[in-house]
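S.K.: This is the structure, below, for whatever I ask next.
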Amino acid sequence: MYLLLVFLSIIGSCLAGLFGRYLGSWGSAIITTGCLFLSFLLSLFVFYEVAFSGCFVYIKLTTWISSEVLNIDWGFMFDSLTASMCVVVTFISFLVHLYSTEYMSHDPHISRFMSYLSLFTFFMLILVTADNFVQMFVGWEGVGLCSYLLINFWFTRIQANKAAIKAMLINRIGDFSLLMGIFLIFVNYKSIDYASVAVLTPFFKDKIINFLNLDVNLLTAIGIFLFLGAVGKSAQLGLHTWLPDAMEGPTPVSALIHAATMVTAGVFLIVRSSFLYEFIPNVLEIITIVGALTAFFASTTGLLQNDLKRVIAYSTCSQLGYMVFACGLSNYSVGFFHLSNHAFFKALLFLGAGSVIHAVADEQDMRKMGGLKSLLPFTYAMMTIGSLALIGFPFLTGFYSKDLILEVAYGKYTLPGYFSYFLGTFGAFFTAFYSTRLAYLTFLSKPNGYKKVISYAADSGLNICIALASLSIPSMLVGYYTKDMIVGVGTPFFGSAIYVNASNMNLFDAEFIPTFYKTLPVKLSLLGVLSAYFLYSFRSDLLFKLKTSFVGKKIYNFLNRKWYFDKIYNEYLAQFFFKFGYSTSYKFVDRGIFEILGPTGLSSVALKIGSGLHKMQTGFIYHYTFLILMGVTFLLGFREAFVQFSLFNDRIVFILVFVSAFFILYEPTPTEKSTT
């Protein structure tokens, strides 16, 4: 049952990918969706047995690598953390598959699309069920590969090509850092499975290693590298720029990447590595600050985006910041609780946005929508539920996790705690503002689109409506019903899956913070909703004056251009590497030094020497006698110099003489002269 849960998705992917031509569009859709539905049912059984009954399961499938001390198994670990992730991943993936059967029905390549979606799900399940870092890295790389394939699904579009390459390259940075962390773990621990590393970590608490000629604490180095891997995958500040551009893929892809799979992998890694991070409080502070800055940055950037999907993408980036700084405050269970809650309402928002885009002839600019409330009543209701859950409206799913994160941040009573609380609270205000702006511009304002488009707008078909309705229920209720089980004081739900140092536990303290700070996020969220509705409904002239003022223009440009991150990366980093790659690496090194010391130089020197020797063949005996005398003199002189000065015992001198001879004897061909 446990293995079937993981491998059903790859079976569906192979059938749709290899035999899609024979199965047809509907055959591929039915098989992949059916496999995911069975996986979801199995995940419910696993959740009951593992999480409710407390029966953790470990499966060793086979040995993968066995070389000296390096032993890596294909093993699967099902604890309450894994079981919870499996339920979230399979439920949302099943609904995305169901949604795609209608959303992508017009596409001739739906078999390939469904195959990619199932493959994505398979690699995510490998990532969360792995019992060692290397197997987890296989799933980690797999979801990166599938994100490239899915973002670039419509590969004839240049923007889709660029977005997919950008996502892949930026994730390379994080993946390289994660790999470095895994190497450090293996070199020092001689093991890479979670259980062994967790047991041995306390013994390495004070170990110092020399890394890049610097003496650093071993656990600090490992923690930073693992966190940098999470920064790339979970789009934290600095490596976040791929996330909004990933909107170039089909909408079901956006829902799958940004709700339950790829972006949650980084948060999952931090939670899974809690046994490491609890011994390095300095790294936890860094995690807290980066997460808080991400939450604030993304919420301010989302204020002025006009693309419907990009607004929701920035809200994802912001919510990931909340999850990360919750983990940085040693409240891993609270961060995971928000991860699971966020998956439901964010998938609802993305799929609802897809329904809107479908209805208005694939238009994504909110300024060209409006007046859709009466034309798309069901979609409007679903989007409203998702938006209210996102802003943390009282008693919906987001309220129970988002406000709890801010409470434990304040209840930490430390500088990073206060820093993350206030940035997170202001971020909640901005989130409420842009969520209301999205709803107003899309549904409530006067129609701004073309008459032909707006007049034919209507709610989507049955499959899309079923997916939206199924997601709306957990978006309203799952937070209330699972709060005490997952994050209640003293709950044994996670057991040994999450380790928290006793001195870092402050969930109980968070209950007794001043009422003003406990209710401030909710008040600011409601203020954000009311102010956005009032300004856009009645005082749009005030917004225009603010935007066209001197200071307003500066702020508008700063936020609309995403804090100039893309500009800095493109103009300073990318251009530098392009110039370095062409002028230095290619022209000077590859086509210069390597060519002269390599095949071109050798052939040119050989030809030159051969030509010179050929000219010496004059046929006159006194010329030959002169050459013999010169040769003997040179050999005797070379031998005497070698004995007296040991000149060529020094290899550096020999290399310099050899290289100099090449440059002296080498003469560029006319073609090379013209190219340079």
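Cβ coordinates are placed from backbone N, Cα and C, and glycine is handled just like the others.
Nobody curates TrEMBL annotations by hand; they come from automatic prediction.
Annotations for this protein, taken from TrEMBL, read as follows:
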{"type": "DOMAIN", "residues": "64-114", "note": "domain 'NADH-Ubiquinone oxidoreductase (complex I) chain 5 N-terminal'"}
{"type": "DOMAIN", "residues": "130-415", "note": "domain 'NADH:quinone oxidoreductase/Mrp antiporter transmembrane'"}
{"type": "DOMAIN", "residues": "434-636", "note": "domain 'NADH dehydrogenase subunit 5 C-terminal'"}
{"type": "SIGNAL", "residues": "1-16", "note": "signal peptide"}
{"type": "TRANSMEM", "residues": "26-48", "note": "transmembrane segment"}
{"type": "TRANSMEM", "residues": "82-101", "note": "transmembrane segment"}
{"type": "TRANSMEM", "residues": "136-155", "note": "transmembrane segment"}
{"type": "TRANSMEM", "residues": "167-189", "note": "transmembrane segment"}
{"type": "TRANSMEM", "residues": "209-232", "note": "transmembrane segment"}
{"type": "TRANSMEM", "residues": "283-304", "note": "transmembrane segment"}
{"type": "TRANSMEM", "residues": "343-361", "note": "transmembrane segment"}
{"type": "TRANSMEM", "residues": "381-401", "note": "transmembrane segment"}
{"type": "TRANSMEM", "residues": "485-508", "note": "transmembrane segment"}
{"type": "TRANSMEM", "residues": "520-538", "note": "transmembrane segment"}
{"type": "TRANSMEM", "residues": "620-638", "note": "transmembrane segment"}
{"type": "TRANSMEM", "residues": "650-666", "note": "transmembrane segment"}
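I'd like to know what surrounds each of these features in this structure.
M.R.: Within the chain carrying the signal peptide (1-16), a Cβ under 8 angstroms from the stretch's Cβ atoms is held by residues 23, 28, 31-32, 34-36, 38-39, 42-43, 45-46, 57, 59, 61, 76, 78, 86, 90, 93, 111-112, 114-119, 121-122, 125-126, 129, all 6 or more beyond its ends.
The list of residues near the transmembrane segment (82-101) in space but at least 6 beyond its ends in sequence, with Cβ under 8 angstroms from a Cβ of it, reads 5, 9, 26, 29, 32-33, 36-37, 39-40, 42-44, 46-47, 50-51, 110, 113-114, 117-118, 120-121, 124-125, 128-129, 250, 252, 255-256, 259-261, 264, 268, 336, 339-340, 343-344, 347, 351, 354, 463-464, 466-467, 470-471, 486, 497.
Long-range contacts of the transmembrane segment (136-155) within the same chain: residues 109, 112-113, 116-117, 119-120, 122-128, 130, 161, 163-165, 167-168, 171, 175, 178-179, 182, 229, 233, 246, 248-250, 253, 256-257, 261-262, 265, 269, 272, each at least 6 residues beyond the stretch ends and with a Cβ under 8 Å from a Cβ of the stretch.
Here the transmembrane segment (167-189) has Cβ contacts under 8 Å with residues 70, 133-134, 137, 140-141, 144, 147-148, 151, 196-197, 200, 204, 207, 209, 211, 218, 221-226, 228-233, 239, 241-242, 245-246, 266, 269 of the same chain, all six or more residues outside its ends.
A Cβ distance under 8 Å defines the sequence-distant neighbours of the transmembrane segment (209-232), meaning residues of its chain 6+ beyond its ends; these are 140, 170-175, 177-181, 184-185, 188, 201, 238-239, 265-267, 269-270, 273, 276-277, 279-280, 282-283, 286-287, 290, 324.
Sequence-remote contacts of a segment are chain residues at least 6 beyond its ends whose Cβ falls under 8 Å from one of its Cβ atoms, and for the transmembrane segment (343-361) they are 88, 92, 95-96, 99, 103, 251-252, 254-256, 258-260, 264, 308-309, 312, 315-316, 319, 368-369, 372, 375-376, 379, 382-383, 385-387, 389-390, 396-398, 442, 449, 453-454, 456-460, 464, 467-468, 471-472, 474-475, 478.
Packing against the transmembrane segment (485-508) from elsewhere in the chain are residues 51, 54, 56, 79-82, 84, 198, 271, 274-275, 278-279, 281, 329-334, 336-337, 340, 401, 404, 408, 411-412: each is 6 or more residues past its ends and has a CB under 8 Å from a CB in it.
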S.K.: Of the listed stretches (26-48, 283-304, 520-538), which one yields the highest count of Cβ-Cβ distances below 8 Å with the transmembrane segment (381-401)?
M.R.: 520-538
S.K.: Please report, as numbers and ranges, the same-chain residues at least 6 past the borders of the transmembrane segment (520-538) whose CB is under 8 Å from any CB of it.
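M.R.: 391-394, 399, 402-403, 406, 424-426, 428-437, 440-441, 444-445.
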